[in-house]
Amino acid sequence: CIVAGMQKLALDFDTPDNQRLGRWLLELMSENQTSNSLPADRDPFDYSLEFFAAVETLWRDSGVQLSYQNSSSYQLIDCAKYFLDRVRQFSDPGYTPSDQDILRCRVMTSDISDINFDIKDGGHTVKFRVFDVGGQRGERRKWIQCFNNVTAILYLCDVSSFDLILKEDDDSPMPKNRLLESLDTFQEVWLNRYLQDVSILLFINKIDQLEEKVRAGRSPQALINHCLEAEAAAAAAAAGCLVDHDGCGVVMEPDMRKKSCVGPINLRRFICSFSLEAFQPPGQFPETSRLIREQRN
């Protein structure tokens, strides 16, 4: 994606050799995507040392780095830098993935996953059943299957997506900002009259990646040019507000605040996307659940 993005951004490689490597890499990835059959003994993720060497060389190219810095202009998974920084480590035949490597893997949720597990609570065992649903527009029509008799909804909002557009809107002349789409969808869930008795917990996710973007110069005030001016300003306000952990709330429409009458402290929790230590089960969930029910009724 980064090398292909260079064509879109009209960027050049540092050397002709790197340009040839980039062309070879694009051809290789195109062949892998279009090939419908592989030998039975072929691992689709088993790349050659030549491939890893090419990736490592290209990752040091200034044109590739500039393309990565402008990745908001195209679709790029948020874990790309983590793996590209460690490509030599992954090329080792004896490599064994760490917990952090596994946690960084990104798989798009394209269906409903039904997960059952038990948690010990004193002398009792509490059974949980969790449905993980896809957030893409085409997946949302399936949500209704999970709403019957649901106890709580955990909604995750990727705040680091303030400078990105929806993948579904890649070819649209008026693409939607990802952060605004996430907040708009949350509002639809929150105001759904069939969910009035359901506790809704909003997790502001990937706050660590938001910090990385801001430190790298991607100000919430400098959104991608594809967004409408009013939409870009709204997304910047949302992201800028969420940077302040202590004093911020979720940007909501005035009529939503009137209907909900719930302070943001009862709804939000900031979590880092890749830090096991940063995410500890909050002890206020039972109290928050009670307050939400009382204030929504």
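Including glycine, each Cβ sits where the backbone N, Cα and C put it.
Keep in mind that this is a model prediction, so the values were computed, not measured.
Listed in TrEMBL:
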type	residues	note
BINDING	103-109, 132-136, 205-208	GTP binding site
BINDING	Thr109	Mg(2+) binding site
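This view paints the features noted in TrEMBL onto the structure.
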residue: Leu103; record: GTP binding site; Cβ within 10 Å: 14
residue: Cys105; record: GTP binding site; Cβ within 10 Å: 11
residue: Val107; record: GTP binding site; Cβ within 10 Å: 6
residue: Val133; record: GTP binding site; Cβ within 10 Å: 16
residue: Gly135; record: GTP binding site; Cβ within 10 Å: 17
residue: Asn205; record: GTP binding site; Cβ within 10 Å: 22
residue: Ile207; record: GTP binding site; Cβ within 10 Å: 21
>> With DSSP assignments reduced to helix, strand and coil, which class does Leu103 (GTP binding site) get?
In response: helix
